[in-house]
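A.B. asks: Just lifted these from TrEMBL, have a look:
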ACT_SITE  B:208  active site
ACT_SITE  B:242  active site
DOMAIN    B:4-421  domain 'Aldehyde dehydrogenase'
């Protein structure tokens with residue numbers, strides 16, 4: 001098996017040959033990736049089912065269709081994205097060409113996660129290809145079936161000179177990170193992100209970190225609770241709660257909670273029937289270790305299980321569970337849950353909820369359910385920060401290709417999806433093309449300096465009106 | 001002490017007072033007053049730090065800053081406004097936008113070569129973006145740092161924007177604290193240390209580093225103009241500019257004319273005795289002076305070469321017959337020494353450039369469009385100016401920053417504002433239109449799955465134009481409730 005160093009050298013040689021630069025190459029690779037998705041759907045679904053018992057419904061919507069849509073979006077728009085941006089000029093540079101040219105970075109590393117094993121590797125890959133890079137893919141070893149499938153299919157569909165899949169566990173990832181890349185795209189946990197960033201610092205490699213955190217969900221004021229409950233339940237229990245943007249915990253008043261609980265119960269019944277364990281639409285926890293972690297959290301919680309609570313170790317199953325009477329110091333509030341357990345904390349006021357949210361790290365997503373948009377939505381928005389924000393729904397904001405998807409603070413840095421992926425993997429080179437003329441004007445900037453020339457310069461370079469970009473030295 | 005400074009800035013930020021645009025504008029105006037009212041003090045400090053002439057200071061630092069402040073003032077409401085995102089049928093009644101938000105407290109570490117520009121320009125963006133800031137100017141330009149420490153609290157909000165002076169121990173202590181962004185200008189070695197420190201807190205960084213910016217002179221160009229422009233860019237600030245042309249690449253056939261062109265220009269700029277010219281600077285300190293003199297060893301001097309350690313003076317120097325392997329060609333010169341490396345063709349020049357780290361700037365002098373195109377498309381660099389040097393820095397609408405070893409992130413104008421903001425994605429929905437959501441909910445049935453897929457393919461609208469009629473038909477078919485049956489059980 002090829003060593004990591006050799007793989008990267010091979011990709012770098014390919015990159016240097018400039019084979020990835022032409023638009024046609026990028027489009028052809030994107031089309032091949034599309035064929036990979038379309039021609040192997042059954043195997044993909046099977047792999048996802050093996051890894052996570054991922055319900056077919058979920059796998060199709062959140063993995064296959066999301067990737068296919070992003071590929072199509074890139075294919076349709078790439079020719080616009082690669083065009084140079086001509087920028088505003090000023091008096092001194094009127095005769096010059098000033099533009100921003102987007103260029104590939106080189107060889108990028110994409111490290112995926114196990115919860116959406118396909119999407120979290122392939123969506124960044126779409127951006128990497130679109131931007132003209134070569135890429136090393138490192139899928140998560142925890143979702144083994146998908147890892148093996150990617151290792152099998154990628155070389156069949158994409159250029160083997162430019163794209164490579166590396167398999168293995170934490171040790172393999174650490175060894176991979178010793179090499180130099182031109183960008184590292186990591187999806188996963190904060191702990192590992194720190195070592196990724198430290199490894200990147202050695203080579204001054206820019207990174208994108210898509211992390212997680214506890215995504216709060218505030219329900220406040222007048223609201224249509226049954227509709228909210230449905231959306232909340234859908235967002236929470238999708239993929240058995242194993243989504244980085246799943247609502248992690250709920251904040252609401254006692255009154256709202258008392259109406260919410262039966263509404264959630266009803267929504268869950270509608271989705272999964274009276275016995276969710278037997279529903280094909282209910283997922284499973286990825287490994288026994290994570291199952292134990294979740295059961296431990298539930299066991300240590302001081303709250304009361306209001307809905308669900310059933311589990312099965314053999315199946316790595318945990319029922320859609322809601323826990324009430326949860327305090328801020330509870331075990332469930334100490335780490336990202338990443339499972340189908342929803343704690344509800346009661347608050348007396350919106351301010352109390354906002355303060356609680358702000359005492360914690362900035363989350364990847366923040367949700368507010370309310371019909372009083374002016375008050376609660378605006379207030380929460382202004383007083384909190386989060387990667388993204390969605391009101392009156394959950395998760396869906398990340399499905400819109402026009403919106404950047406990414407974190408802030410402990411939930412990550414950088415963003416992607418749609419055009420944002422292309423920008424992430426590009427260098428924006430500022431270019432100025434001057435002519436030979438107007439040397440007489442340049443004289444103003446040359447020594448020997450005189451008072452007179454300085455005042456001319458001040459006059460000429462002062463920004464006189466809005467919309468003129470300024471020039472500091474002629 | 002550093003921890004207290006950071007804590008104070010954080011408390012100030014958490015008070016929320018830096019968010020309203022009115023506050024930010026007020027602070028920007030105050031910064032503007034600082035620059036205009038205290039220009040004489042700034043000029044004096046720079047004279048002591050770098051022997052900067054009183055013309056160079058406004059030219060290279062202050063005018064640019066004033067323009068940046070004016071731009072921020074006039075554009076702030078536009079920059080801070082929500083940026084709508086293209087909607088589709090399903091989100092037609094929703095608000096979908098991206099809005100820039102402050103990050104929190106930004107650490108700005110400045111450099112000594114343009115102590116005011118490189119510290120205050122990021123600060124302008126930090127203020128405009130609604131952040132608090134801790135500014136750490138370079139201790140090497142000590143007169144400027146001391147002056148900044150004295151002046152900033154006189155004009156700006158004392159807690160929100162603080163200055164910390166000092167050397168390595170103070171910088172290290174600052175880097176142990178947690179910031180929401182670190183903006184560093186300097187060299188790659190320290191850049192790595194900064195990034196590593198930032199990694200502990202998962203803090204994003206902007207690194208404005210350097211490198212060897214190549215300057216390719218094609219035989220087909222207006223050589224006298226080229227030489228004048230290159231000479232200006234190289235010897236301004238005594239070569240201590242991150243985007244100064246570091247070395248020249250040209251064919252041996254034109255080398256002599258290049259040397260003559262530079263020589264003539266040097267005469268015009270600084271007379272035949274640059275040491276006596278008030279417009280020629282000095283090296284910042286003895287350590288850097290010794291470093292640069294050391295780099296010149298063993299090379300053939302075509303012009304200049306004189307030095308005076310008592311003044312940290314190095315004459316404008318051109319070296320020829322420079323081998324790619326000498327130490328001079330391995331590190332950024334950052335001084336008034338200009339090596340000329342011979343290449344036989346543009347291919348060789350491109351190959352030469354690409355074997356090295358990506359530079360912060362790349363310069364090409366040519367009248368041949370094909371040459372320019374090849375240079376641009378076959379190399380990479382932070383930025384480019386063709387047929388001049390440095391000038392791309394001056395256009396605020398161009399992003400200024402490095403790539404690879406020369407840095408990460410970008411700034412100037414709106415780019416600074418964007419770099420020091422968090423671009424938060426917003427989807428504001430209502431609880432109405434719940435029927436549209438039915439397609440995505442379990443329980444699954446083959447018909448529902450088919451509908452859901454169709455739904456995803458069209459409502460995510462792979463940006464293809466479809467008629468309204470088509471969408472209307474889709475909408476009607478999705479909202480039928482006929483097959484919301486009980487879940488299929490195993």
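In case you wondered, yes, glycine gets a Cβ from its N, Cα and C as well.
Whatever TrEMBL says is automated annotation, not expert-curated.
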A.B. asks: Per DSSP, residue B:208 (active site) is which: helix, strand or coil?
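C.D. replies: The residue in question, residue B:208 (active site), is strand (DSSP, three-state).
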A.B. asks: Roughly how many Å lie between the Cα atoms of residue B:242 (active site) and residue B:208 (active site), rounded to a whole value?
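C.D. replies: One finds 9 Å between the Cα atoms of these residues.
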A.B. asks: Once the chains shown are all counted, how many other Cβ atoms turn up within 10 Å of the Cβ of residue B:208 (active site)?
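C.D. replies: Here the count is 26.
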A.B. asks: Roughly where does the domain 'Aldehyde dehydrogenase' (B:4-421) sit in mean pLDDT, to the nearest integer?
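C.D. replies: On average, pLDDT over the domain 'Aldehyde dehydrogenase' (B:4-421) sits at 95.
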A.B. asks: When you measure from the Cβ of residue B:242 (active site), how many other Cβ atoms are you left with inside 10 Å?
C.D. replies: 28
